[in-house]
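Chemist: Okay, these came from Swiss-Prot:
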- R53, M54, V55, L56, L57, K58, Y68, T69, K75, Q97, Q132, S133, W177, R187: FMN binding site (BINDING)
- K58, Y115, R119, S123, R183, L184, H185: substrate binding site (BINDING)
Amino acid sequence: MTANELITGDFTDASEPFSLFGTWLKEAEKNEVNDPNAVALATVDPDGMPNVRMVLLKGFDERGFVLYTNFESQKGREMLATRKAALCFHWKSLRRQVRLRGPVEIVSDEEADEYFMSRPRGSRIGAWASKQSRPLESRFALEKAVAEYTARHAIGEIPRPDYWSGFRIRPLSIEFWHDRPFRLHDRVEFRRETPDGGWTKVRMYP
């Protein structure tokens, strides 16, 4: 598949989705002004009410798409409860979108530790100081907590909190969308029955 075919939207010859996603993400990294790895994460609460928020993709391979968070946050609690989630990437500069959904699994402690240690020191302090998604009485209270944990971890490495780790979304469907004139867009969806199954490709009406 040539770069020109991808740019014009003629990407329907792809036999599996992960290589195609990797190519699109690399092009987004060259064209998007901010955060080409930004993605909308959708979950549902115990009442079935949906929630969506922007997060950052921190890795992907044939096992799935990985993001990290506080497990006590709203998204963390909801993914732990349902073990399902959906993602939507939109790269406006490229006029492309990728949607996927599937079951969720927790990454290994080794993966979580490695990523946590790669974060800036201030971000690691923040993981301890922020009671994510819970009411905050004032900005001062947050800054005070940051100062306390900064002093506590003034020397040495900052360990990963037990409540902070990563989720891997193992897609059962991945849809690639490319804008075309007159709203006659190209849509190709890859589907499978299980997270380890083979892919079936379907071209969709726009």
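Each residue, glycine too, has its Cβ placed from N, Cα and C.
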Chemist: Spatially speaking, which of the binding-site residues Y115, S123, R183, L184, H185 is closest to L57 (FMN binding site)? Use C-alpha to C-alpha, please.
Modeler: Y115
Chemist: Long-range neighbours only, meaning 6 or more apart in sequence with Cβ under 8 Å: which ones does Y68 (FMN binding site) have?
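Modeler: Listed in sequence order, they are K58, A112, Y115, F116, W164, S165, G166, F167.
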Chemist: In sequence order, which residues at least six apart in the same chain have a CB under 8 Å from the CB of Q132 (FMN binding site)?
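Modeler: The list for Q132 (FMN binding site) reads T69, N70, E72, S73, G76, given in order along the sequence.
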Chemist: How many Å separate the Cα atoms of K75 (FMN binding site) and S123 (substrate binding site)?
Modeler: 19
Chemist: Output the one of R53, K58, K75 that, of all these binding-site residues, has the highest number of other Cβ atoms within 10 Å of its Cβ.
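Modeler: Going through R53, K58, K75 one by one, the largest Cβ count within 10 Å is at K75.
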Chemist: State, in Å as a whole number, the widest CA to CA span among the FMN-binding residues R53, M54, V55, L56, L57, K58, Y68, T69, K75, Q97, Q132, S133, W177, R187 given in the record.
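Modeler: Of all Cα pairs among the recorded FMN binders, the widest measures 37 Å.
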Chemist: Where does Y68 (FMN binding site) sit by DSSP, helix, strand or coil?
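Modeler: Note: Y68 (FMN binding site) is in a strand by DSSP.
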Chemist: In terms of Cα spacing, which of the binding-site residues R53, V55, W177 are within 10 angstroms of H185 (substrate binding site)?
Modeler: W177
Chemist: Of the residues named as substrate binders, K58, Y115, R119, S123, R183, L184, H185, how far apart in Å are the Cα atoms of the most distant pair?
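Modeler: Pairwise Cα check on K58, Y115, R119, S123, R183, L184, H185 gives a maximum of 44 Å.
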Chemist: Long-range neighbours only, meaning 6 or more apart in sequence with Cβ under 8 Å: which ones does V55 (FMN binding site) have?
Modeler: A38, V39, A40, L41, L67, T69, K75
